[in-house]
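See structure below.
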């Protein structure tokens, strides 16, 4: 500790930008001054990239905070939060850096603001190494809203690697407190749907090929369900650059949503993109959990802040999730336990993530 500054080692465990997002959001919410060292020490290009910096700057602006060390490539920052306020805030990565990761750092903060917020997030909407915006809207949104808040996510423009140029507008009203969730019953898969998209210079045939390959792959495992994966060409006035990809969602009888997704890139066969997404979905369905690998870690911060005990049944715990739990516990004093689920079927690799949340109360409401 440096005076009252919480010291965070950004190089341990997953060693990436997620440590920065979780720590900064909690610092802002709890009014804890922060120092993060060895930022992204686990990455080939350590230090802040444009998307991390724009996320930090947005949180700084959200709460009239002070940020030192905020330059591209910086491996150490100090952050001193102020009071969270609503209003309109803009974050622009000026690259294809993910708008979804910007949303991850800002959303918990604006839930506890003094008034409604509108976030204009600019960058890549469908980026590698991050959830696609379609995932955020189709899976993350309906599940995270079970914590008892709602948000609106309007995709103004899509943007792809390398230039980005996408824009998403998120509108949220603050809440008094978050409710705990109990996501422990998987139920049975009732429908499978999705979208395969192309944009820019790519023909719609690629989207149809991705969709068809994905359907064939899923059919080998799941024979009796109608699978509806729409091939779409993004309108030219709503997409910047050239990109392609697919997301497939399985919905269950208890309202669980699990997904698989993949992005196209130059030289990668369209069938391969479709099959990759289908295999990811099938893998997520196999473990018997109620959330997929991408959602697991995104729920941790909300579980930590909620009032009462949250329980989520998941497949094997990812390193991202272990990392989120580690820093959520360090900063909030919420208590997490992860136990192997006592299933009838011992081949099921499922776990219960349980959290006694801190019951954060919005002081502004």
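Counting begins at 1 with the first residue displayed.
From the backbone N, Cα and C atoms, a Cβ is placed for every residue, glycine too.
Taken verbatim from TrEMBL:
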ACT_SITE  320  active site, tele-AMP-histidine intermediate
BINDING   104  ATP binding site
DOMAIN    13-338  domain 'RNA 3'-terminal phosphate cyclase'
DOMAIN    184-286  domain 'RNA 3'-terminal phosphate cyclase insert'
CA pair residue 104 (ATP binding site) / residue 320 (active site, tele-AMP-histidine intermediate), Å rounded to integer, equals 13
Which residue counts does DSSP yield for the domain 'RNA 3'-terminal phosphate cyclase insert' (184-286) in the helix, strand and coil classes, in that order?
36 helix, 37 strand, 30 coil
All-chain count of other Cβ atoms within 10 Å of the residue listed as 'ATP binding site':
23
What are the non-local neighbours of residue 320 (active site, tele-AMP-histidine intermediate), defined as same-chain residues 6+ apart in sequence with CB under 8 A from its CB?
14, 18, 296, 297
Taken over the domain 'RNA 3'-terminal phosphate cyclase' (13-338), the model's mean pLDDT
97
